[in-house]
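Notes follow the structure.
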């Protein structure tokens, strides 16, 4: 754990310095091949950063956010395209938009909120989000009894686990950066179980950041290459197929960073299969399937069930086996449960510390109020008795001095005890979790 924390700090500093360089240096170069060459060393560095981690969460998220998304954003930025164009107004925004799966809302919706942060907070405390957090907790605990779960249930468990993790993580990112950057961000996951076709699933419901990256970088370039060499319909289908092929290869790299084993091609085949099915469905099968079912226009519910059934079955066949064989999906669950336990213990300890601090503060406030009240009564008595002779004045001064010294000593002692208690609490937590 200590080594992972050190590596996380090193990688974070490297990423911040690299993105800062991209903000100040390449922006002064004309868009095109020369700007691309100026960011190419940064892209090469980002490709190796996930290898610094042993944790599947840290290596997986670094590979997805930095090695994949940040690299593609920088490449598009080299040609004045993508989420980083136009250039964000300051370095902080540039770093956030480059390194995290967030995108500025181009046409912000008018909401009746006085503050920008009210809507993200409302989303996080909505019944829908809380329900998903509870379901994810149940799914994670099911891994403790995975040997007793039927294989057919695992076909549903793995996709559900992946969806809930991405949904919760992306919602947290959106809420945090909406508040931190004081802007409205586009949602990155849009209830994919409501999709009524594979094209709709991948283009409008699943992780929306990936299509915005792949469309201008792969699909649009493929359309330009094939322009004039084939008719527009075939060029469109070829562009879709190549986009899925590239996406499969990128996911293969992502799985390599997580499993650290030679790619088997199963993940690439998963995306190629989906690309072929989208092309075939749009080209030939759409009306035939509708007539075969008995509806010229299929009800949305039937289409949604068919789409999700196809995604779940093909994912269980091709997408998840590399993670299952290497035991990484079990490690995902174990690391998540360990982190949840750490947060829960930290929260309980923090509540204990805050309760103790509150009690001490009440006692201290009562003590001060008593001392002030006694001092006021003593002074009033002094005035009433009109003790203005020299001996009485000396007595009063000495008593006030003693009371002041006692009060100062009491305050210093209390502050010292609280500081020692807090330092001991922090040392105990760091020792408990091996930090």
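Positions of Cβ are set from backbone N, Cα and C atoms, glycine also.
The annotation transmembrane segment is assigned in Swiss-Prot to 7-27, 36-56, 59-79, 120-140, 149-169, 200-220, 238-258, 263-283, 300-320, 363-383, 406-426.
Across the candidate stretches 120-140, 238-258, 263-283, 300-320, the maximum count of CB pairs under 8 A to the transmembrane segment (36-56) is reached by 238-258. Across the candidate stretches 59-79, 200-220, 300-320, the maximum count of CB pairs under 8 A to the transmembrane segment (263-283) is reached by 300-320. Here the transmembrane segment (59-79) sits apart from the transmembrane segment (300-320); fewer than 3 CB pairs are under 8 Å, leaving out pairs fewer than 6 apart in sequence.
Sequence-distant contacts of the transmembrane segment (200-220) (same chain, at least 6 residues past either end, Cβ-Cβ under 8 Å): 69, 72-73, 75-76, 81-83, 101-103, 166, 170, 186-192, 194, 239-240, 242-243, 246-247, 274, 278, 307, 311.
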